[in-house]
Amino acid sequence: MTNFRLNLLAYSVMLGLTAGVAYAAQPTNQPTNQPTNQPTNQDGNVSEQLEQINVLGSDNHNDNTPPKIAETIKTAKKPEKEQAQDVKDLVRYETGITVVEAGRFGNSGFAVRGVDENRVAVQIDGLHQAETISSQGFKELFEGYGNFNNTRNTAEIETLKQVTIRKGADSLKSGSGALGGSVSFDTKDARDYLLNKNYYASYKRGYNTADNQNLQTLTLAGRYKYFDAIAVITSRKGHELENYGYKNYNDRIQGREREKADPYRRTQESKLLKFAFQPTENHRLSVVVDLYKQTSKGHDFSYTLKQNTEHMTYDEVELRHTNDKVDRKNLAFTYENFTETPFWDTLKISYSHQKITTTARTDDYCDGNDKCALAGNPLGMKYNQDNQLVGEDGNLAKYKDINTKQTIHEKLPFTKPNEKWRYNRVDWDALKKKYPGVPIYASCIEENNDPSKYCSYDVEIPKKENTFEINGKQYDLLSEADKNVISDEQRLPTNSSYLFSCDGLNCDKDTIQGFEKKGTTVNIPFVVIEKNGKKYAKTEAVANNQLSGPYIFMPSKTGYQTNLWTQRDLTSETKQINLDLTKHLELGKTQHDLSYGGLWSEMEKSMTNISGDSPMNVKWWAQYPHSCDIFLPSSTPNGAPTLNPERTNTLCNNSNVYSFLIPVKTKTGALYFINDFRVNSHIAFNFGYRYDRVKYDPEYIPGKTPKIPDDMVVNLYVKQPTFDDTKVNLPPEELRKKEANAAANIKAIVQPKKFSASSYSVGTTLDPLNWLRLQAKYGKAFRAPTSDEIYFTFLHPDFSIRPNRDLQAETAKTKELALTLHNEIGYVTTSVFDTRYRNFIDLAYKGLYNVQRHSKLTPYHTYQNVNRPNAKVTGWEIAAQISLGKITQFLNGLNLSYKYTYQKGRIDGNIPMNAIQPKTSVYGVSYAHPADKFGLDLYFTHVSAKNAEDTYNMFYKEEGKKDSTIKWRSKSYTTIDLLGYIKPIKNLTLRAGVYNLTNRKYITWDSARSIRPFGTSNMINQKTGEGINRFYAPGRNYRMSVQFEF
C-alpha cells in the first residue's frame, strides 16, 4: 500500500507538469549565468541574499530551473533548511550518491555510479582532500583491525556556500579521481552577506537526539573601506550515533555479538577566517585560514579480542581505549582581477598550503587502578623505617617454609609366625594401606632372635609447614583457603639483583629485610644509585640459586598496569598554485563562455606509526630495570655486546617508530580549457579538455624516514649482503647486515613513476521547444594509481604483497542522455547513463614465490595489485519538481518533488559491484509562506532491498563457501521525515525536525557492506547474525535549532 501511494505521488507530479505545459501562456526564458559575487536582488533581506547569489545552482523549491545533466548544486540555504549536520545529511535526499561507512572512524568519502572513496573526487575550495590508502592488500592486512584512521576527511557544513555534485566521469574540474563523479565544496565569503550593509552577525544553537549533538555556530562579517572579513566558528559536541533500540541492549556485552553502538565522545571544531583587501573594483587580495579538527574518544567494546564482560564490571577489565583525530589546516592567498582584457574578463591566482592528518590511537589498559589484577595491596604490606616488612597494623610480618616429619611407633603382629626371618612374619601391605604415600621399608627394630611376638616399626610421615603471618593473622599457605594470599610472584628469590624506588624504602639504610625458609630474617644489602634524578635501591644477589637463600616479599610482582598503545598517523601535505581565467566572447551570432587555466601542486604523503608500552598506576614496589639499553657491554675485554634481557621492560617506556608505507612526493601539473557556447536560443554546446601530468618521487632516507620493518623487504629483490637469520637474537654484526639488505631492497623498490592523462567532456543542449530540452554528454576521466598501490610491500609466508611499478591509470567514460519537460510550473527530467571503467586496480593472487629465509628458500603466497580489464555501470534517473502555486493561487507556496535512481554494474562481465546502491526514490512535499514566515517539508524515502545476486564476497573461497554473495544485506524500507521552520520576528529563525517519523527499523546498504568477514573490528556473528543490530540506523529522532541574524 505504501508503494502504491508513493508512486501515485510521482504520477501526480508528472501529470500536473504535463497539464501545466499544455496550458502555459508564457514561454520560459533561458537561464543566464551570473557571477557569484553579484547580487540578483538588492532589495532582499540578508538571509535571502546568500541564496540569491547562486540562483543558477540553487536547489530551492522555488527555483524551477531545469537541472544541468548529471549535476546538482546545493547552496547554503538547502542544507540549512534540512538541518544537515554532516555530509551524510547533505546527500540524504539525493539519489545515486551515498556516503561510505567506516565504522568507528565515521564516514569515508562518497559512493557514486558503482565506485567509492578515492574514485569519487572530493575538493574543498579547489583542493583535493586526503585520499585513503586504497591498496586492497593494505586494507585486508590492516583496515579490518581498527588500527588505521584510513578515511577521507570532509568539510564543516556551516562553512559552505555551495556544494556541487557531479555524477559520471568528469575530470575537467577535479583531475585525478573523478571516475564515478565528484563533490566540490565552496566555502563562504564576506561578499555573500555584505550586499546592502557593512556588517552581518549570526548565532545558531542546535541539538540532535540521534547522537546527542550540541551545535554552536557564530558567523561575523564586516566591511570597512577597502577591507572586508568573515569568520565562521563552529563547535559540535556529541556521542555515538544511537542505533535502533539503543536503550534496550545490554551495555555489558563485548565482542562481535554486541548489539549496542560502541560509546564514543565526538567533537568537531571548525574555524573559517577570510580577510580581503579590495582597493578598486578590479583588484582583490584575500587571505584564507580554514581550520578543521574532529576527535572521537571512546571504547571499542565490539572489538573481537576482548572478553565478554556481561557479568563483570568494566573497571576491573582491560579495555581498548580509542582516540581518533582528523586535523585539516589550510592557508591560502588569492589575487583576483576583474579587468576586461582581450585574454580574460576575470583572473584568479591562488596559492594554498594544506596539511591533513588522520590519526588512530588505541590504548589497551585496565581502568580500575587498584581493582586491576596484580595492582592491589590487600594485606597492606610496607617496609618501616628499618626496612622491615610490616602490615597495616605496623607489626612485623613472619614467614616460615620448612619441611618436618612426624614419627609414629607401630607394633605389627605376626601374621606368618613360621617364617624364618622376623620381617617376613609381618603383613607390610596392611601398613602401606594404613599410610598411603608414605615410604614403608620392611624392617623391624628388634633383632631376629628377639622373643617378642610383634615387630616394632617407626613410620615417618613427612610434614610441610608454610605459613605467613601479618596484621595479627596467620595464613596457612598450604590450605585451599589461604594458598593465594602469597603467590610465587610475591616471593622474590635473592639469586638476582633488584632495583626498587626509594619511595617505598628507607634509602638512608643499606639493607632490606629478607626471610629464610626456616623462618629467620636476614638483611639483604643494597646500594643507592641515581637515575634520571631519582634514587633507587639496588639489592645484592646473595643466593646461589632460586631455591636456596632468603626471599624478599612484595605486594605483587609488577607493581604497575601495562598500557599497550599504538598511534598511527597518515599525513597529506599539499602546496598548490591555481590559475583560473574566464572570458565571454561573441563570435558572429554565437556566444562563448570560456574558462581556462592550470595548476601545479606538490603533495607529500606519509605514514608514521608509533607503538609501545608504558606503565600506569606505578606503585612503590615496582621492580625497575637496571638498564633499558638494547645491548649490554661485554663482560670480557674483547667480547661482543649482548642483548639486554630487560630492554623490553614496560618501565622503560618502550616506543618504536616505523611505517608500512614509503613516503612519496607527488607532483601534479595540469592545463584545462572549457568552452560553453550557444549557437542560438535552441542549440548550445560545451566542450572541455584537460591534460594532467603526475609524477611520484619516493623519499626514503634511512635513519631519518620512519623505518620500514626489515622483515617486510629483506631478500625481496636484492640478496646481498647475506646474513644468518637462523638465530633468534641476531648479534650486532649480523643485525647490521640484515639492515643493509633491507635498505638495498627498499632502494630497488623506490623508483620514480610518471603518469599523464587527457580528460575531456563533450555535451550539447537542444531546446527545440520552449518546454522541451534534450541534453547529451560524453566524458572521460582518470585516476592515477596511488603511491601505496604502486609501492606497498609486505612479506609473510601466508600473505605477501609485491609492489607493481607497471600499474596503469584507471579510466572511465560516461555517456548520458537527458530529456526534460519544463516551464514556469516546474520540470521533469529523465536521464539514462552508461559508464565504462577500464584498468580497475585490484589485488590478484600471483602464486608461490620462493624467498630466502633461514638459510633456505621458503615458498610465500604472493599477491600483487594489477589492472582489471573493465567494469560497466548502467542506469537511469528521474528528477521532477512542480510549484502548485503556479497552477492555482490557492496553492501558492506548495511544491512537489521526486527523485529516482536505478543502476546496475559488473566487473569483468560477471562480478557485482558492491558500491552500487539499491533502487532509491525520494518524494518531497514542501510549503513555504509567501512572506517566508514559516515553512514545512515532508520527505518520503523508499529504498529497495539489495538483491543477493548484486553482491560479491571476495573471500567466499577462503571461508569455504560455494556462494559468492553477501549474506547480510539491507532489506527494503521507507522512511518519513518532517521538517519545519518559523520566523516569529525578523531576526529569529526556529527550526525543528522529526526524522524516521514512523520509527522504522532499517539498515542501509552502505552500513551493511561495512561489516567485515574477518578481522577484529566491524564484525558480527556471521552464522547467527548477532551483533548486526549495531549497524542499524537510528529510530525516530529529533533535531532543533535557533538562529539569530543581524
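Every residue gets a Cβ built from N, Cα and C, even glycine.
Among the ranges 51-58, 243-250, 299-306, 347-354, the one that Swiss-Prot lists as motif 'TonB box' is 51-58. Between the stretches 525-542, 777-794, 1029-1046, Swiss-Prot puts its motif 'TonB C-terminal box' entry on 1029-1046.
In the motif 'TonB C-terminal box' (1029-1046), the DSSP tally of helix, strand and coil residues is 3 helix, 9 strand, 6 coil. For the domain 'TBDR plug' (61-188), the model's pLDDT averages out at 88. For the domain 'TBDR plug' (61-188), the DSSP-based tally of helix, strand and coil residues reads 28 helix, 40 strand, 60 coil.
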